[in-house]
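Feature annotations, reproduced from Swiss-Prot:
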TOPO_DOM  1-42  topological domain 'Cytoplasmic'
TOPO_DOM  64-72  topological domain 'Extracellular'
TOPO_DOM  94-232  topological domain 'Cytoplasmic'
TOPO_DOM  276-383  topological domain 'Cytoplasmic'
TRANSMEM  43-63  transmembrane segment
TRANSMEM  73-93  transmembrane segment
TRANSMEM  233-253  transmembrane segment
TRANSMEM  255-275  transmembrane segment
Amino acid sequence: MKENEVKDEKSVDVLSFKQLESQKIVLPQDLFRSSFTWFCYEIYKSLAFRIWMLLWLPLSVWWKLSNNCIYPLIVSLLVLFLGPIFVLVICGLSRKRSLSKQLIQFCKEITENTPSSDPHDWEVVVANLNSYLYENKAWNTKNFFFNATDCEKMFRTTVLEPFSLKKDKAAKVKSFKDSVPYIEEALQVYATGFDKQWKLFITEKSWSPVGLEDVQLPKDIHRSKLTWFLKRIFTIYSLPLWLAFLNCICVSQHFCLAFRILCPGLFFLMMVWLFQNMRTTALLVKMEHKMQFLLTIINEQESGANGWDEIARKMNRYLFEKKAWKNEEFFFDGIDCEWFFSHFFYRLLSAKKSMWLLPLNVELWPYIKEAQLSRNEESLMKK
């Protein structure tokens with residue numbers, strides 16, 4: 001009897017394992033070698049690419065019948081070089097258009113599966129939407145979303161940010177029409193899931209600083225902020241830009257004095273702006289880093305300039321340990337840290353439109369307010 005029971009238990013375990021395997025979600029990221037090969041496949045399957053290929057048929061006939069090859073050559077070069085650009089633009093627009101027509105289904109999937117900002121929570125949404133869009137002929141392949149991150153990004157740019165920026169009900173109805181109640185429900189579910197993730201991050205996943213006594217701020221190491229800045233930008237990664245800058249200086253020598261001063265000057269200012277904002281790729285890409293930054297600000301007991309110095313010191317160590325930055329010199333000092341928070345976080349609360357190349361981080365708005373209030377309250381208590 002016992003042997004039969006053991007056999008039955010083993011058979012049940014095998015069946016359950018097979019059921020789990022059959023229920024395993026297969027995404028395009030599991031089928032393609034990389035996002036680039038997936039992207040090339042989607043372009044190949046698009047209508048715009050086929051039209052571009054068909055354009056070569058009349059061009060080849062024109063080449064054969066024309067006595068003057070100059071005009072066919074010019075048109076062929078235009079089709080060759082401008083054609084791929086138009087194909088990419090049209091594919092991007094058709095992708096947004098296809099999803100905008102299925103916002104209700106998109107929001108229903110989010111409401112049913114309750115994903116948070118964790119990419120793994122979006123895998124079910126990706127699988128369901130890929131199948132739905134293909135079966136309803138809204139997209140010509142089963143690979144609309146490459147992975148969970150791609151789906152979450154589209155949710156932010158298509159639903160979360162545009163809807164959150166609308167100030168009143170009339171503006172929302174005008175832009176989203178019948179999708180408004182579904183979007184509101186989906187956003188409420190998403191906000192609830194993100195709040196749970198925030199609380200879980202505080203209790204289990206947050207980083208605790210250890211051995212900060214030996215951590216020095218760059219202001220204590222370098223003679224000035226200029227030397228720290230120059231050390232950061234004179235790297236192998238910036239070599240192409242510096243070569244372009246030197247080329248700009250050489251070329252401008254053949255022009256008038258005003259142009260020789262203006263051209264290199266503007267180019268150098270552009271480089272300074274670029275390097276000043278290059279840190280955004282380290283801190284603003286991963287949600288985990290942004291949450292840790294806000295949590296560090298909220299939990300800091302020290303007030304005023306000393307408090308921001310401590311926050312800068314902790315974040316310098318954190319980003320170095322997480323390999324998000326190559327050294328412990330991400331922030332120069334507390335003033336630099338406060339500027340970064342004000343420029344890339346607090347300013348989002350009053351944003352009227354999406355910022356260029358930067359996410360609005362709508363789900364972080366309550367915690368950004370909390371971080372700002374915590375610094376203001378500590379400064380008031382000190383007074």
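Going from the start of the chain as shown, residues are counted 1 onward.
Backbone N, Cα and C define each Cβ position, glycine as well.
Each residue of the topological domain 'Cytoplasmic' (276-383) gets a DSSP state, and the totals for helix, strand and coil are 73 helix, 0 strand, 35 coil.
Across the topological domain 'Cytoplasmic' (94-232), DSSP helix (H, G, I), strand (E, B) and coil residues number 105 helix, 0 strand, 34 coil.
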